[in-house]
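Taking it in order: structure first as structure tokens, then the write-up.
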């Protein structure tokens, strides 16, 4: 039985992503000076105005307004025509220290969860980076759209943009073809729309998509309503944490509801979600299943996960009991362990604030390592020897 799955991504110039990047840039600026900074920073942007608030306890001295302005400029918003002028905008801040009641539960000999909640991690063998094909491809298109703008490969583009990919899967979970591609690209008001559509097909889609998956009935929609000249914060408000599905698995796996950006790693929303991805990816990389979803729950003030649940969607190659045993005897489920293992007290978060937090191949994103494969396989052997 065939099914169609869809995921979307957005460029770094999408208003919500602008806010994610501002919040993570502020986080990075604090961690650069004080690795033990406790940060929970939110941003809201709209036409001609930016509001930054939250709770920060740190020895760092950071000009958050300047950090925000520089981040916006690097994205590509420099004047009203592009969608936002950071030099003329109203920028307001309201930042206080972290609540003593929360700090009391977090600051112990080992870092404990800064809040209650659940997180999910996911991996699948349908791509080389163990991500769902649809979100992986949507990110590639969004990143390419930003690249051709910055490099001048396509003239007249502005920073705002979105992509969406729908793929047809067979009964074995293999991608058979692309059903449709949707791209929205902000542009200069005097642009030739027909030429823009042609250039995006040739220089974005054909550069990133396996042409064997593009069939005669594949639908391509580029700026489907026509012109998209007014964009960015001048057209739509943006808010930190409003693209959590884009940040993770494109709707293919579940999400615990907590956003990542602007949060230091003591927040389980972030560090535990990275840990859950790490576990799931190593399980699939070890060949124990084709798909794996890891669910963990946390309690404020407690070191480790209170519950751990594994779902392999019927794709397991050994029993689920065997996989659970191997996971239990391989991984550290504590927040403190995740922070130290992944080197999370370093300023690495701004780069993650666009084009997804997972599936990144850079060495510094340590939760993407598959260094537990051998240990998992050995634990499987131990389970088989002792219990079967």
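First residue shown is number 1, and so on along the chain.
Cβ coordinates come from backbone N, Cα and C, glycine included.
Among the ranges 87-97, 98-108, 109-119, 120-130, the one that TrEMBL lists as region 'Flexible loop' is 98-108. Highest local Cβ density among the binding-site residues 98, 161 belongs to 161, counted as other Cβ atoms within 10 Å over all protein chains shown.
For residue 16 (Mg(2+) binding site), the nearest neighbour among the listed binding-site residues (42, 161, 236, 263), judged by C-alpha distance, is 236.
Of all the binding-site residues listed here (42, 55, 98), 42 has the Cα closest to the Cα of residue 243 (ATP binding site). In this structure the C-alpha atoms belonging to residue 42 (K(+) binding site) and residue 263 (ATP binding site) are separated by 9 Å. Across the residues the record lists as binding L-methionine (55, 98, 236, 267), the two Cα atoms farthest apart are 30 Å from each other. Site extent for ATP: the farthest pair of Cα atoms among 14, 160, 161, 162, 236, 242, 243, 259, 263 sits 25 Å apart.
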